[in-house]
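Undergrad: As annotated by Swiss-Prot, S-adenosyl-L-methionine binding site applies to 18, 20, 45, 66, 91, 113.
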């Protein structure tokens with residue numbers, strides 16, 4: 001028996017497809033999302049509608065973004081969901097969530113069982129639309145959720161942690177075993193809730209600068225920041241900000257990265273590209 005086939009659909013490796021089939025897990029996720037009529041609910045990668053059906057039952061209208069042509073067509077003819085659905089057969093990685101929020105007249109509530117092969121770049125794409133998003137609930141590789149929630153001085157703490165926590169309050173919701181999927185992935189999964197900050201706890205003048213600093217620091221995470229960020233900050237400047245130049249990237253808090261970004265934005269602003 002081919003364990004890549006579920007409900008007559010062959011899971012495509014290039015789309016990173018693993019279909020959720022555990023009813024207890026599905027019910028737990030839907031309860032965590034708590035969808036309400038009148039809200040702008042948007043699902044990324046509905047697949048075989050494991051979450052789409054129970055969420056759709058509670059709603060009059062649901063928007064879905066599905067790259068797989070066969071799955072999008074299958075949803076169009078769904079017996080009870082079809083009339084409720086607005087289907088975008090598009091790549092979520094290039095989708096304009098800001099335009100959709102404007103069209104729907106309210107911030108979006110985004111959810112989905114994300115393909116693990118694109119989950120990290122997709123998170124960064126979504127962060128650029130946090131002013132158009134009310135909240136997000138995603139099933140992700142457990143290791144990615146650990147990185148999203150990690151604090152300084154831990155192995156999991158990295159650029160994703162800093163940028164996620166700059167934009168959002170990140171809350172782990174539920175751990176999910178491989179047996180909850182067809183085909184079962186080789187890794188554990190987890191559900192995470194991300195709520196964009198209503199008021200930024202650490203406002204940054206130019207987020208591109210924060211992105212640059214975190215990229216350079218974590219690309220050389222074994223080096224002290226005196227070395228990894230030496231082209232951007234002198235030892236005197238770091239010390240003046242109360243940041244020890246002997247620290248490594250993983251020792252620096254989100255607040256400190258934002259402080260560094262604001263210093264650089266004021267003293268060496270990036271040119272408009």
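Note that Cβ sites are derived from N, Cα and C of the backbone, with glycine treated the same way.
What does the local environment look like for each feature on the list?
TA: Under the three-state DSSP scheme, residue 20 (S-adenosyl-L-methionine binding site) falls in the strand class. Listed in sequence order, the residues of the same chain lying 6 or more apart from residue 20 (S-adenosyl-L-methionine binding site) and placing their CB within less than 8 Å of its CB are 26, 47, 50, 51, 113, 139, 180, 181.
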Undergrad: Which residues does residue 66 (S-adenosyl-L-methionine binding site) neighbour through Cβ under 8 Å, counting only same-chain ones at least six apart?
TA: 45, 46, 47, 72, 75, 87, 88, 89
